[in-house]
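Taken from TrEMBL, the feature domain 'PET' applies to 67-129.
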Amino acid sequence: MALQQDVGSACLTCASECPGFKLHSWRATCTNCHCFYDKHDVTDSSKDTFVADLQLADANLLSAYNTAQITAKENGLTWLPIGVLPTDIDAFLASLPSTEVPRGKTNAEARLKRIRRQIPPQDREPAVSLKTSKLNLPASGAPTNLDGEVREATRFQNSRNRRDFGLGRVERVADKSGITLSKRRNSVNHAIHNHYLNPCLFSGSRVHL
């Protein structure tokens, strides 16, 4: 879903041939170059508020996540997963590709862009996002059953958040080569899928790190 905040963003595919992202009335494509919105230099302006938007039920887990972000800030980082102790930060960062280290504007924006694609704004709070103004539609162009669509989207959101989403955790383990950092989720047996800078959210059969 393209948003008003995306207007004017440069196209990463067309470069100077596109004067900047221009909203279509309902498609998520640019009316100037016809590339999809995320082919432009867009990010997620909500930053980490998406965690609150998911309304996860485990208060202790949310507290641990917030503590991890305080630790990240104290160490000049833009993000850290749950479980990385201050003494483990250097080892954790060393385990990541240089382009995935959570430090600096470029890597932070890349992470937020992935978060937006993984959990788009309209999937976080349908009642807020699925409005005529947010859908870039004039009042006369609004779907006739928008209220019904919002109810269905909210029902899906509540079920998904309760059943499929959680926050992952990083733990330190020993192997034959010495001490390493192992990434894992904290409940249900799901395979690990390494998107290093995503917020350790898991859905379906994947854990996003």
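Using the three backbone atoms N, Cα and C, a Cβ is placed for every residue, glycine included.
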With DSSP helix as H/G/I and strand as E/B, how many residues of the domain 'PET' (67-129) fall in helix, strand and coil?
41 helix, 1 strand, 21 coil
Averaged over the whole of the domain 'PET' (67-129), what is the pLDDT?
87
